[in-house]
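Novice: A single structure is presented below for examination.
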Amino acid sequence: DILAAFRVTPQPGVPPEEAGAAVAAESSTGTWTTVWTDGLTSLDRYKGRCYHIEPVPGDPDQYICYVAYPLDLFEEGSXTNMFTSIVGNVFGFKALRVLRLEDLRIPVAYTKTFQGPPHGIQVERDKLNKYGRPLMGCTIKPKLGLSAKNYGRAVYECLRGGLDFTKDDENVNSQPFMRWRDRFLFCAEAIYKAQAETGEIKGHYLNATAGTCEEMMKRAIFARELGVPIVMHDYLTGGFTANTTLAHYCRDNGLLLHIHRAMHAVIDRQKNHGMHFRVLAKALRMSGGDHIHAGTVVGKLEGERDITLGFVDLLRDDYIEKDRSRGIYFTQDWVSLPGVIPVASGGIHVWHMPALTEIFGDDSVLQFGGGTLGHPWGNAPGAVANRVALEACVKARNEGRDLAAEGNVIIREACKWSPELSAACEVWKEIKFEFEAMDTLDK
């Protein structure tokens, strides 16, 4: 069975058992009345069952309801159908005040019907020939308004300075100021020029997201013909069907696939209603993607540390034990489905480097947009500053130093032999994003 954990807040007067049963029925075989065609099938075989209810500590009106869904309710290899069944209709149910899907347990039999990520973590490292450290990226800013040639120039400067990747912003598709084909050509030129100068393999996440699947595939095919290593997709706005289609193409044609989660906070930010990002992360691993944005813990975007580390493990590891202290409701066995690299992006800069290196480890992408392009000396020095800071943190960690305790000291030591890093440290020494997370663990 597929197991689901729902956070249920019933309407006043509705007992939790009735609310849990309603969720199970409405998201499987049930309807609002008895119908004569019920007698033509075996409802006992197909209906969802609410098998356990537990109160939420500190909130007498909320319950965690566990529902089991028989596997025959779902089409094989279709994240689209899985979500249509489990969350498609039930969230508008009048007997519930609010409802949130906290986690899913995907059984091995269903997991094996998915291709998963096009390549996975180890294959990506082998393609890029980069080992022993996090990868580094940069979102090109301003996100909208640059011409294709100026955009390509910014890409070149960042890659030349020492970054591994640069990135289209999620809303860069094919607008009047910069059509997709022009952007692809200038970015490819920038990649090849930077590779020739540095001797390192470089990439730019070329956003293939489009208004139709056919147009999306046309862009991905053009990227492959240019010989670039990676393309990008906005998987929530583009949809799971489009994403799985693109992931299959990427595996067949040797392209890495970077996934942006634009629109996720509409679904996952409120603690009481919607769907937790760990569910969206699991679905992405099944649908397919080699990278996905996963918050930063320390930057400008929402993300509590324990929760973030919980779904980072769900993205990367083969087997994850149930651990409610990190928000993981079920043990999950991925049976060798390739892992996804989490991307830390959003309001981060060189002073965050020790914390990011400690939190995310080597199998991650640390992405500095403003933290690269905002450098007072320009894009390339901004890239140099980030690369030097990362190398210093990795070296210190490998020597056994405590990044959490000595992080600032490590960065200041590196400043002595990198004027670019010293300038960056001066610019961002006062920048902090200290707000309490909306989505927190139950205490």
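Along the chain as shown, the residues are counted starting at 1.
Every residue gets a Cβ built from N, Cα and C, even glycine.
The shown structure was predicted, so the numbers you read here are calculated from the model rather than taken from an experiment.
Per Swiss-Prot, the feature active site, proton acceptor maps to LYS141, HIS260; the stated evidence is sequence analysis. Marked as substrate binding site by Swiss-Prot: ASN89, THR139, LYS143, ARG261, HIS293, SER345. Swiss-Prot lists LYS167, ASP169, GLU170 with the feature Mg(2+) binding site. Under the heading N6-carboxylysine, Swiss-Prot lists LYS167, citing sequence analysis as support. According to Swiss-Prot, the feature site 'Transition state stabilizer' maps to LYS300.
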Novice: In Å, rounded, how far does the Cα of LYS141 (active site, proton acceptor) sit from the Cα of LYS167 (Mg(2+) binding site)?
Specialist: 10
Novice: Taking just the CA atoms, what is the gap between HIS260 (active site, proton acceptor) and HIS293 (substrate binding site) in Å?
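Specialist: On Cα coordinates alone, these residues lie 6 Å apart.
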Novice: How big is the Cα-to-Cα gap, in Å, between ASN89 (substrate binding site) and LYS167 (Mg(2+) binding site)?
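Specialist: So the alpha carbons of ASN89 (substrate binding site) and LYS167 (Mg(2+) binding site) sit roughly 36 Å from each other.
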Novice: State which of the following binding-site residues has the fewest other Cβ atoms within 10 Å around its Cβ: ASP169, GLU170.
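Specialist: Fewest other Cβ atoms within 10 Å, among the binding-site residues ASP169, GLU170, is found for ASP169.
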Novice: Name, in the order they occur in the sequence, the residues of the same chain whose CB lies under 8 A from the CB of HIS293 (substrate binding site) and which sit 6 or more residues away.
Specialist: ILE259, HIS260, ARG261, PRO342, VAL343, SER345, GLY346
Novice: Give the maximum pairwise CA distance in Å, whole number, for the residues ASN89, THR139, LYS143, ARG261, HIS293, SER345 listed as binding substrate.
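Specialist: Between the most distant Cα atoms of the substrate site, 36 Å.
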Novice: Around the C-beta of THR139 (substrate binding site), how many further C-beta atoms are within 10 angstroms, looking at every protein chain?
Specialist: 24
Novice: Just name the winner among ASN89, SER345 (the binding-site residues) by count of other CB atoms within 10 A of its CB.
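Specialist: It comes out as SER345.
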Novice: Between THR139 (substrate binding site) and GLU170 (Mg(2+) binding site), find the distance joining the two CA atoms and give it rounded to the nearest Å.
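Specialist: Spelling it out, the Cα of THR139 (substrate binding site) and the Cα of GLU170 (Mg(2+) binding site) are 9 Å apart.
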Novice: With an 8 Å cut-off on Cβ-Cβ distance and a minimum sequence separation of at least 6, pull the same-chain contacts of LYS167 (Mg(2+) binding site), or say none.
Specialist: GLY137, CYS138, THR139, ILE140, HIS204, TYR205, MET232, HIS258, GLN367, GLY369
Novice: Using a 10 angstroms cut-off on Cβ to Cβ distances, just flag whichever of LYS141, HIS260, ARG261 is the loneliest among these recorded positions.
Specialist: LYS141
Novice: Reduced to three states, what secondary structure does DSSP give ASP169 (Mg(2+) binding site)?
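Specialist: The residue in question, ASP169 (Mg(2+) binding site), is coil (DSSP, three-state).
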Novice: Would you identify the secondary structure of HIS260 (active site, proton acceptor) according to DSSP, in three states?
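Specialist: In the DSSP reduction, HIS260 (active site, proton acceptor) maps to strand.
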Novice: Might you list, by sequence position, any residue in that chain lying six or more from LYS143 (substrate binding site) with a Cβ less than 8 Å away from its Cβ?
Specialist: ASP169, ASN171, VAL172
Novice: Under DSSP, is SER345 (substrate binding site) helix, strand or coil?
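Specialist: Strand, per DSSP.
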